[in-house]
């Protein structure tokens, strides 16, 4: 089991031991505080760093190469999972096989338990260098899935206690869901761009001040979105994505390293605190909880994930271009995506804020699902990869990887042109290349496949800032080949004290 999974397991065990000790003396104020942690602390203090770091550390090229699949699994998949879990438990409750809850409560529980955990899911994939296609589909789904689950949960919670639901109320809920998502994205994007402009024009800051300003600005979108009754989680997710793409480029080298490490450490610590509280809360559960509801909830999660992973994977394969067999999801990869649906910090945090009178039952069931998926499915991930014969990442030749990168980027050349020509120079200190420069890179690799690369070709030397920027832009397209055939453009930077503009 890789370190992130071992860390989660160890923290849960420590929490169980501490929770058992605290349960012996509930009269102690510290014990009661540890066991009865305020849910607002999770949503205001712990979840924002976790979600921000997910967007901040996202590898954009692989993410956008699989964007259609990610959106399909994250939006449609989460909705299907929530409805299947909620409907399944509601049906079992009506026939007396499980806890009987109203439909709104069942759907709210289905939404919160549909949130998958990116840390425990992807730790093994990252350590064993699983194929990037599979890695980023699971990663992208889990990142966006968290935000969608929270918004969907809040939408269903609004119907709790409502005796009659009319068609116009459902229509309003759908529009409200869309409005919250779009509004939250706009808030995150706006503050991501504003932070970049601010750090671009503020000069002479010490490293400590740069990092402090960067961290403070990262938290503002969450607060603004919450004040506007939008989703702070969605806002801070997109703020992280845009701040990494733009604002990060305006930091000094030292500030870049410190900020990246700081976000990773804080997010990891927040995740561990959530798992610690999960263990602490285990012995604080009230007696008389529904054991059948816990077991049926676990089964419902597994069934619901299967009911959206396999149909959506098949739909994805059908919609792909003919002959593009390399990017299709085969049956074993679909099995692995299903197996990767571990639950974690987000689901447990949402369970803590579940409305009465079923809060204790929902929290207990969520604990069981989280612990079982983390311990059992997380521990068996390596074995599952071996049994399913999932492709591991082979260190390809740089040229081959570069060619694949350009081919995948040509379809997005309009977006790349707009970003490179307008957004990058406006939001950062970079000097943009022209569209012709960008296009010549794409043409080089479409006309000269990797097999034709000549190892003795001599590269050019960077002499101007514009050439240096062009080299940087090429690196974003993964054009790392040190030498190209004669007659083709290749730039290599050499240390110089000054360069011409």
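Residue 1 is the first one shown; counting continues down the chain.
A Cβ is built for glycine as well, from the same backbone N, Cα and C atoms used for every other residue.
Here's what TrEMBL has on this protein:
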- 1-22: signal peptide (SIGNAL)
- 9-383: domain 'Cation/H+ exchanger transmembrane' (DOMAIN)
- 41-58: transmembrane segment (TRANSMEM)
- 70-92: transmembrane segment (TRANSMEM)
- 134-157: transmembrane segment (TRANSMEM)
- 169-199: transmembrane segment (TRANSMEM)
- 211-242: transmembrane segment (TRANSMEM)
- 262-285: transmembrane segment (TRANSMEM)
- 291-315: transmembrane segment (TRANSMEM)
- 336-356: transmembrane segment (TRANSMEM)
- 362-382: transmembrane segment (TRANSMEM)
Given a Cβ distance threshold of under 8 angstroms, which distant residues of the chain, six or more beyond its ends, lie next to the transmembrane segment (291-315)?
72-73, 76-77, 80-82, 84-85, 88-89, 92, 97-99, 109-110, 113-114, 329, 333-334, 337-338, 341, 343, 361, 364-366, 368-369, 372-373
Contact between the transmembrane segment (41-58) and the transmembrane segment (262-285) is defined here as three or more C-beta pairs under 8 Å separated by at least 6 residues; is that satisfied?
yes
Count, for each of 41-58, 134-157, 211-242, 336-356, 362-382, the Cβ pairs lying under 8 Å from the transmembrane segment (70-92), and report the range with the highest count.
134-157
Please work out which recorded stretch in 134-157, 336-356, 362-382 has the most C-beta pairs separated by under 8 angstroms from the transmembrane segment (41-58)?
336-356
Taking residues 6+ outside the transmembrane segment (336-356), which of them lie with a CB under 8 Å of any CB in it?
8, 37, 39, 42-43, 46-47, 50, 73, 105, 108-109, 111-113, 115-117, 119-122, 125, 134, 137-138, 146, 149-150, 153, 157, 160-161, 270-271, 274-275, 277-278, 301-302, 305-306, 309-310, 313, 329, 362-363, 365-367, 369-370, 373-374, 377-378, 381, 384-385, 388, 390
